[in-house]
Amino acid sequence: MAVGIFDSGLGGLTVLDAAQKRLPDVDFLYYGDNSHAPYGVRDAEDIYELTHKAVHDMWDRGCNLVILACNTASAAALRRMQEAGVPEGKRVLGVFVPLIEALTERQWGDNSPPREVAVKHVALFATPATVASRAFQRELAFRAIGVDVEAQACGGVVDAIEEGDMILAEALVKSHVDALLRKMPRPEAAILGCTHYPLMEDVFQKALGPDVQVFSQGRLVADSLAHYLERRPEMIGGGNAGYVTTGNANRVSSRATQFLRREITFEAA
């Protein structure tokens, strides 16, 4: 019984990598919708339909739990999928849940009124679609008061990373950080609201300065998943992993191997 990790492209591999290191005995299935990537420039309805199709495919492949390791999909599709009803014995969770738990210092199921939190000025770096959805701001507002969030849509960064052009990606990150700092000169914390961005975490940190706490998703999601699985020992397996893609399997395998710096072999979905 594998845990499913879904992303529109390769960014979710940062979440998978952290989860495998944290949970070496859990089986994982990674599903990349590479033929439709990137999601960040698509409209909300398109993102929902693509995500809905992929998640149902993963459930059919035996994944009782699917993590949307794509902030754009989480922002546009997660709540709608959950409200529409999930088949018995299946679950779908969003990747930004652990981020908001960490930022607000409260569990997702805590339904007490919003309260003051330590961090007051937060920079959010995400894809254009995630920024447009205002999902981070909405979920934060349910749990915290007095938090000022300044969002920066980071156009081009995902494309550069997917193409392996890290020089361009670094230049774009610096440009987007500069644009954010013109709007919010002194953020206390920064959310890397895309699973591709941990690969550029050092660039974000350097551009923001040492006094800004950077929240990156891989470790937080892995810790949250470990806590979830403590209550579900039946999901412990042999530590195997499978990789499927809607794109060109050979090309995606090559990119993924570069991405994680270890051999990754995808099969066609």
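Positions of Cβ are set from backbone N, Cα and C atoms, glycine also.
Quick look at what Swiss-Prot annotates:
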type	residues	note
ACT_SITE	CYS70	active site, proton donor/acceptor
ACT_SITE	CYS194	active site, proton donor/acceptor
BINDING	ASP7, SER8, TYR39, GLY40, ASN71, THR72, THR195, HIS196	substrate binding site
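Sequence features, as recorded in Swiss-Prot, placed on the structure.
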residue: ASP7; record: substrate binding site; contacts (Cβ under 8 Å, 6+ apart): LEU13, VAL15, TYR30, TYR31, GLY32, ASP33, LEU68, ALA69, CYS70, ALA73, THR195
residue: SER8; record: substrate binding site; contacts (Cβ under 8 Å, 6+ apart): GLY32, ASP33, ASN34, HIS36, ALA37, PRO38, TYR39, LEU50, CYS70, THR72, ALA73
residue: GLY40; record: substrate binding site; contacts (Cβ under 8 Å, 6+ apart): THR72, THR127, PRO128, ALA129, THR130, VAL158, CYS194
residue: ASN71; record: substrate binding site; contacts (Cβ under 8 Å, 6+ apart): VAL95, PHE96, ALA126, THR127, THR130, GLY193, CYS194, THR195, GLN217
residue: HIS196; record: substrate binding site; contacts (Cβ under 8 Å, 6+ apart): GLY9, LEU10, GLY11, THR14, VAL157, VAL158, ILE161, GLU162
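Here the binding residues for substrate are ASP7, SER8, TYR39, GLY40, ASN71, THR72, THR195, HIS196. Their largest Cα to Cα distance works out to 12 Å. Comparing Cβ neighbour counts within 10 Å across the recorded positions CYS70, THR72, CYS194, THR195, the minimum falls on CYS194. Reduced to three states, the DSSP call for THR195 (substrate binding site) is coil. DSSP classifies SER8 (substrate binding site) as coil under the three-state reduction. Within 10 Å of the C-beta of TYR39 (substrate binding site) there are 25 other C-beta atoms, taking all protein chains into account.
Reduced to three states, the DSSP call for CYS70 (active site, proton donor/acceptor) is coil.
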